[in-house]
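Single-structure report; data block below.
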């Protein structure tokens, strides 16, 4: 059975049958077991725990999102950890663990009474979207489409004839007279960049190495982690000097942000972690970057990284990401799956036509395609930190080293360069305006309109420069707010999909506040699908303003998931929010004859037995409808006198239309038992019980 994880505080809605049965709610057992608590106000979800799938996260640290920084100190003490990174811009800290696994840290944290903590999550594993090093095939471009030929590749550089990608996207020397990305800062969030390469001299400004909190001086070799970032940087902004190659935006400046560092220093594959990626993105944003290139990704949904991306876009930064090299349809990879980004597929040109590259990931989030096959660009020199080899047959006279790579990692920087050029012409453009301009002016070479392979088609800089900047057709942020039926608490970890008629889609998950944020998306008509919560996420249930000590909010029933759909919802500057109220139904019926017991009653309690929400006389085959309650409840049977023998009490819970057998054992000498589908399972201890609960949203 799938585990569905959900938490909420109880809304004190007492059914009519309870209110007339025992208005004082006096307990039948000791006060410490069933203390009277007639009302609990809804507090919402207090701590959200990121998913832990084997092999998809790294050990050694946890990331904590907070509202109250002082509460973080309790976590640090409990896990015997050390704060190694502070991100006040998004209210996140990174805590290094000392000999403790992430799962063990979760267990320690769930035992605390905390206020003001939003989430705890691991750092997920990410990979560079590794390119293939290729030897150029001289016959590859012999059969040419009219207008795509070597004589048109005159960029005044000695290797102009190799730059088929620039020609394909409409770059000309005349175009650069209008705009070349002059003074636009481009953050290459990647391995480091060799700023001493002859084609990058003067192009690389100060950057940042977040894992070591080190500012990288302008013009230096920072190619920690390998050659990937240098190749990306050359495609974007290699200088125009008559030698070597030239980038799409030779007037732009490169800001290296090293997130794939030296594996010998940071471990693993060199990935510094979601926390340091967030630090790098924030640093780049705060230091003037206007567009960022991300040619990397992975599977885990990181709230920290999502907030960093949102932070950048809120400050007007355009985020360009590679679609990936997985060939098949790929969904829920990040950062490509975050809303508001420009996701780029890789294209090839062969036999007189363009086509999607065989390795390029297909996705319902692809925006545009760009050249990604046999791309010549800069690589670190032989004496450089990140030297990984070069193509010795490239006839450059400037002493620089070059190589041919292919992958969506090579496609994305073509688009990033295009964005830099456009931002020179449209310096106040919002991220959604730039993306929409690219999509509106793309070359739909296969005539399909938008598709999973190439998005809206091949990006065309010449057309985009001539096209007007859209003033309509986008919103700066759209929100989907998911709450219980009464709107008392937000529901986190709910997946929200926004699908358009053409099949393209945006995805996001609700955060601890129950809000899914979609920054800088297109306006228009969407079919919106809401479902969850995500069964891989965990949370702590709130209680009277604090998290329940030990309350790992595990609801073990698929039937507790809720879904909602909104067909034809119009998103516009005047309609930037959708409110979704989940609702539930829950009825209980017992089949066991309890006539031998003294005054048995059906009792609804909170999972810690701190409060009695209602009671009524027990009756066999009577339906008890709890559908007006919202939050987490447990229930059981209580008698006036102890049972003489063990009695197994059986029944059925009908939860959202699904029948679930339940039972509990009233042991000899006791007066009560919890009833559930696990036989009254106590996740806590006798002195601090935590019973399996039922999560419902009310009506």
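The backbone N, Cα and C atoms fix where each Cβ goes, and this holds for glycine too.
In Swiss-Prot this protein carries:
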type     : residues                     : note
ACT_SITE : 190                          : active site, charge relay system
ACT_SITE : 228                          : active site, charge relay system
ACT_SITE : 409                          : active site, charge relay system
BINDING  : 157, 199, 239, 241, 243, 245 : Ca(2+) binding site
DOMAIN   : 163-465                      : domain 'Peptidase S8'
SIGNAL   : 1-21                         : signal peptide
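Sequence features, as recorded in Swiss-Prot, placed on the structure.
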residue: 157; record: Ca(2+) binding site; DSSP class: coil
residue: 190; record: active site, charge relay system; DSSP class: strand
residue: 199; record: Ca(2+) binding site; DSSP class: coil
residue: 228; record: active site, charge relay system; DSSP class: helix
residue: 239; record: Ca(2+) binding site; DSSP class: coil
residue: 245; record: Ca(2+) binding site; DSSP class: coil
residue: 409; record: active site, charge relay system; DSSP class: helix
- Message: I need the CA-to-CA distance for residue 157 (Ca(2+) binding site) versus residue 228 (active site, charge relay system), whole Å please.
- Response: 23
- Note on the structure: As a whole number of Å, the Cα atom of residue 199 (Ca(2+) binding site) is distant from the Cα atom of residue 409 (active site, charge relay system) by 20
- Query: What mean pLDDT does the predicted model reach across the domain 'Peptidase S8' (163-465)?
  - Reply: 94
- Query: For Ca(2+), what surrounds 157, 199, 239, 241, 243, 245 with a Cβ no more than 8 Å from their Cβ centroid?
  - Reply: 158, 159, 198, 238, 240, 242, 244, 246, 398, 400
- Query: So what sits near residue 243 (Ca(2+) binding site) in its own chain, CB-to-CB under 8 Å and at least six residues off in sequence?
  - Reply: 157, 158, 198, 199, 396, 397, 398, 400
- Tertiary neighbours of residue 241 (Ca(2+) binding site) (same chain, Cβ under 8 Å, six or more apart): 157, 199, 398
- Would you count the other C-beta atoms found within 10 angstroms of the C-beta of residue 409 (active site, charge relay system) for me? 30
- Rounding to whole Å, the Cα atoms of residue 190 (active site, charge relay system) and residue 228 (active site, charge relay system) are apart by 7
- Message: At a 10 Å cut-off from the C-beta of residue 245 (Ca(2+) binding site), count the other C-beta atoms across all protein chains.
- Response: 27
